[in-house]
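Asks: My questions will all concern the structure given below.
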Amino acid sequence: MLGMLRWTTAGESHGQALVATVEHMPAGVPVTKDEVTYQLARRRLGYGRGARMKFEQDKLTFLTGIRHGLTLGSPISIVIGNSEWPKWTTIMSSDALDMEDPENVAAMSSGRGAKLTRPRPGHADFAGMLKYGFDDARNVLERSSARETAARVAAATVARSFLRETLGVEVLSHVVSIGRSEPYEGPTPTFADITAIDESPVRSFGKEAEASMITEIEAAKKSGDTLGGIVEVIVEGLPIGLGSHISGEDRLDAQLAAALMGIQAIKGVEIGDGFEEARRRGSEAHDEMVRDEDGVYRTTNRAGGLEGGMTNGETLRVRAAMKPISTVPRALKTVDMATGDAATGIHQRSDVCAVPAAGVVAEAMVALVLARAVLNKFGGDSLEETTCNIRCYLERIGKRLEFNDGE
């Protein structure tokens, strides 16, 4: 849609750089490299991350769209350089290689340059090789790698700043469970708890749940296996009316679900109590409304802050389920695409568990979708104009909920 907030990423896992582009962000939104660096560092958090996290440091460049720490309203480009690029210049070269050069022949015939012909079950390798006509799975896995999410986190840092400046809201996440660990079932955390969550080695908000998750990760390590889990994203303070009931594509819950399902390895999404709602009677499932001197509020929040595709003023709660990482140290059965013979899946440097990081990526996608919804509702070429539009809307909503008391 013309004028809609858009974000795209480019780049390969072992390429020269990843690039994040954000279009139609209003002018005047503050953005700093320190904030982007902070969010990228959060993405690397987590017990069970592999040694590659020590290598994949993030070198930032603001290429376009930002001047003196403020957005210009023009397309924003953020470049994340690959610190390991010198090791990959031949293997990932964009130029054709001279295969009469002995050095090129040596680089491409062994080690990391050798063709990868044994697709990993659960990964994009097999379908990607067939769909695009590749005889080397590297042409698939370089882009399908979760390393790409670093660019999304960078793009979302701009969206986070926009939400903070316009609505005063923050996006946070925590890990609910990992594998078969005992799930966290305590009170919903708030943004005031983010430091405690990030200091947890598994980004858990409960010590008992944390201990159970760590035990599960250690067991998976010992058995040469990998783990998935469930993360929850929480946003407090959203105004009533983001999204719409008018059409399916306008529904905010549909947009959030699509964005979260677009994260590598995510296999399920639920809003609020989600699938548990299907087990309840109608009298138990919905959030009743009451009114006091402060306005209308809900006695529960089973809907997770969304009804009819729109925010209803309650806390937004969205959960995403991540499957176990596809690169399993105890390699799984596959077929060698070069010979048709039985084989085991290729092994790439990987993690045992990336669920804590998935929460940060989920935050990023929720922030981007919410920023788009805010701009669709309130417009504005500048931060000042958008904020003014929001203020007028909130005043109108507030007056509507006064019900002409005293008149």
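Glycine is no exception: its Cβ is also placed from the backbone N, Cα and C atoms.
Swiss-Prot lists these features:
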type    : residues                                                               : note
BINDING : R43, R49                                                               : NADP(+) binding site
BINDING : R143, S144, S145, Q264, A265, G308, K323, P324, I325, S326, T327, R349 : FMN binding site
Asks: Among the binding-site residues S145, A265, I325, T327, report those whose Cα falls within 10 Å of that of R43 (NADP(+) binding site); none is a fine answer.
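Replies: Cα within 10 Å of R43 (NADP(+) binding site): none.
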Asks: In sequence order, what residues of the same chain, 6+ apart, have a Cβ less than 8 Å from the Cβ of R143 (FMN binding site)?
Replies: E12, S13
Asks: Ranked by the number of other Cβ atoms within 10 Å of their own Cβ, which of the binding-site residues R43, K323 ranks first?
Replies: R43
Asks: For each of A265, I325, count the other CB atoms within 10 A of its CB; which of these binding-site residues has the top count?
Replies: I325
